[in-house]
């Protein structure tokens, strides 16, 4: 493993290999590919994706294998069955897959009772004309299409974590402007004290959002967000996550939202993201990154620009993106935390982990 650290932005120019070979189907294959990029040091997931794509599988199939490995391993306890519980102690799954050639997307959100999030998302893409299915109806669809279930997605670890949180009077949580404070509810809306007749809140007039307590960190809200470029230069992205720990039941974050947690356009490149999804999905940072690269911006600047747009409005948010252009050049940018991402390419013998400082 190689650790490479640069302040705020990490940029890596992969060596460009111009030799071309012809595959069994007569399609030209560039030897600068394949490439696998993932948020965080989820090395086993990257290796699983690499085995698939290096074995001539498509970018879409490689993304499924990589994210599925992370679900099985319960990466950081925030992906897959048995991961982060919601406010009621239940574990649910959000997932997305996107084909950068066809622009097809499949996603599931707040899915209960089915552990295979990324495979359910692929089934949505393959077998429906929809983009996103949610809740128990997503679970019923996935089971009807052959995935195992219904299963209890909670684990001893997730229940233990939830019980400790309950003992701490359900603090911290995601409620605001409610009563009672410092308890587990039930909650009720309280009268706003910052709005008076004929006047507006000072923070609204200033155009800056109210401060958020830090509910997001590397071990309570991780998303695996993965991009793959296959040997034909086709790009796909995918995500899987349990969402924010102790989220309000029914909450959907950025994980299954195309353009927020991930985005891919084969002619331009891809982006993967992680962080405070409730904030990041308001800005569609990965769409912004890919569009900036389409307009000619290099990955380093595209990543930095997308993060800075969020930080101007939410200076205390935590988040990161990785930009990958169609040539395999990748760069990361982050805000509020130190971020790591993983890469496997033909130029390396194993997964490399790159560190980005805020």
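For all residues, glycine too, the Cβ spot is worked out from N, Cα and C.
Just so you know, TrEMBL annotations never went through curation; they're auto-generated.
Sequence annotations record features per position, and here TrEMBL assigns active site, nucleophile to 223. Proximity of residue 223 (active site, nucleophile) to non-local residues of its own chain (separation of 6 or more, Cβ distance below 8 Å) is seen for 39, 78, 79, 239, 240, 241, 254, 255, 261, 273, 274, 277, given in sequence order.
Of all the Cβ atoms in the protein chains shown, 21 others lie within 10 Å of the Cβ of residue 252 (substrate binding site). The substrate binding site annotation in TrEMBL covers 251, 252, 253, 254, 274, 275, 276, 277.
The signal peptide annotation in TrEMBL covers 1-23.
All protein chains considered, the CB of residue 251 (substrate binding site) has 17 other CB atoms within 10 Å. Of all residue pairs in the substrate-binding list (251, 252, 253, 254, 274, 275, 276, 277), the one with the greatest Cα separation is 16 Å apart. Around residue 253 (substrate binding site), the same-chain residues six or more apart in sequence whose CB sits under 8 Å from its CB are 94, 241, 243, 244, 247, 261, 277, 278, 281, listed in sequence order. A count of other CB atoms within 10 A of each Cβ picks out 254 as the most crowded of the binding-site residues 254, 276.
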